Amino acid sequence: MSGAALGLEIVFVFFLALFLLHRYGDFKKQHRLVIVGTLLAWYLCFLIVFILPLDVSTTIYNRCKHAAANSSPPEGSNMTGLYATATPVPSQHPCFKPWSYIPDGIMPIFWRVVYWTSQFLTWILLPFMQSYARSGGFSITGKIKTALIENAIYYGTYLLIFGAFLIYVAVNPHLHLEWNQLQTIGIAAANTWGLFLLVLLLGYGLVEIPRSYWNGAKRGYLLMKTYFKAAKLMTEKADAEETLEDVMEEVRKVNESIKYNHPLRKCVDTILKKCPIEYQEKMGRNMDDYEDFDEKHNTYPSEKSLVKLHKQVIYSVQRHRRTQVQWQILLEQAFYLEDVAKNETSATCQFVHTFQSPEPENRFIQYFYNPTVEWYWECLLRPWFYRVLAVVLSIFSVIVVWSECTFFSTRPVLSLFAVFIQLAEKTYNYIYIEIACFLSIFFLSICVYSTVFRIRVFNYYYLASHHQTDAYSLLFSGMLFCRLTPPLCLNFLGLTHMDSSISHQNTQPTAYTSIMGSMKVLSFIADGFYIYYPMLVVILCIATYFSLGTRCLNLLGFQQFMGDNDMTSDLVDEGKELIRREKRKRQRQEEGENRRREWKERYGHSREDSTRNRNVHIDPKESNFSEMSTNRSTSKYTRANNRTERDRIELLQDAEPLDFNAETFTEDPLESESGRFYHETQMLL
């Protein structure tokens, strides 16, 4: 099994990162370099989290082996005969290889490759790819030029700081820094920046994750929050539609002004390809290709303005498509939660859905997750499961907060993570060590990474599921992961006292801490910032518990879900009305489809037979003449007829009103619909 565990985890983590990226990104529409860059960043960060427990168990075995090799029998003792077999050295140091042991020399090389690749991605490549992805240039050269200009200040700031530091070292005769020390200073600077952001995200996640599960067990809480999201999303959806209309109007003006033989026509065609299909058809009908651009002395837009317009088109189309998809997903979620609320009082113990799922379910799932099982899970078991899970996660959060405040104490050992690992180290229970390390670092990672997935910086950074995340947000998330994961792992090693700079013991360090170098070069960071700054997590947890950040955002005008707020109640009522309207609309659509299906089944065959008999008695000459006249008229008025036919189809499809009047809405809509259907049938008969 030597090295087999490492290989299995490498493969497993790759597919895990690929699955998450497929959920948030769009492999078909987004650029391949964006997908590859984001996948590599996520993969390396997840890999560090999964491989670090193997490094801990291997280090504990190496320490045991080193202690056994250094132990020697008393001087002058006879090591032959019965004494040699009675008290062997392995009995004092029961060192045996763990099942996941990694041979010497592999882990240092592995960590160097992973760490420096992630740092190259987060500080150099991904920022450049962000600017490249958001650029509105029409060529690769133009996009690269724009990306270099946007990142000039970003890169120049770091070069200026690093250059000033080198000049200070060169001028000061008391400082003699070698390459390894400069490397350590660079690593310490990156980890300090990451630790600063890590504690902020960790303080939010330690409280919000257990609280979200506890609130999810409350009856009606998720439904009220869904109503609140529906009201906010409808506002965002309307704003996205309005923005798209304004941008498309600008594109229409540009399309009409720049004709087919204009030098910038290729740029306009590129912009049109990014527009929705319905707008492309409208602009194509109004295009006159027989008018030269130089016949009229008009003012034409410059290439720079077209680049800006191209960027606006990409952003507005992406935002409009994302809000449309999110609205449909939110509707399905609201309908399902309303079904759960209705089925809680059901006496049949059968879960009944208002609307059938549009996608056919798997037969295997239908067999095991039948309506009875679904009712017991949704109405009885799930709330209790969420409560138990919330209690367990709260206990983990308390352990993390206590350990963050006491991990610097080595005598006595107060950090609970260090206590658990040291107890297992005495018995060399490698399975327990790896499980404890994995659960600990996995919980820390969930608290940090889930916050990265939840936060939203206006419309610039937002990770939306169901393939609706734009390229800029994907790359930005990769940057955050690469900057947060190394300090997260160092913080975990400090909590378990596996970092020699924390434990102050002359023991063999882990392979991960060995590549970080000795922090003695920057003692004020190693003995100050790394020790005392994580204590700030206590204040952040208290602030998150009392929702201070949410209240501040509410005061600034950013509506947040709060149960004791009038604005929240108004938005919940508004969202409830929106969901009710969409539900009635869908019910009318289903009723209309059922009526059409019933009409076709009842009168479709007789109508086809009568049409077939009537066509048999038509004169051939008359049919030929009608065909010729039809073809002539069609060729002459194709565009007008198509438009008229399209309008007629739209009117037929949109026969039901978009809104309704509560005063005229009857108590039983099925009765009125059935009566109207009966009168129509009698008239036809």
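Even glycines carry a Cβ here, placed using N, Cα and C.
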Range annotated coiled coil in TrEMBL (choices 118-145, 230-257, 258-285) is 230-257
Any residues 6+ beyond the ends of the transmembrane segment (472-493) with a Cβ under 8 Å from its own?
21, 24-25, 30, 34, 37-38, 40-42, 44-45, 48-49, 52, 56, 115, 118-119, 121-122, 126-127, 129-130, 133-134, 190-195, 197-198, 201, 404, 417, 437, 440-441, 444-445, 448-449, 452-453, 460-464, 499, 502, 510, 512-513, 516, 530, 534
Two-stretch contact, the transmembrane segment (431-452) and the transmembrane segment (384-402), at least three Cβ pairs under 8 Å:
yes
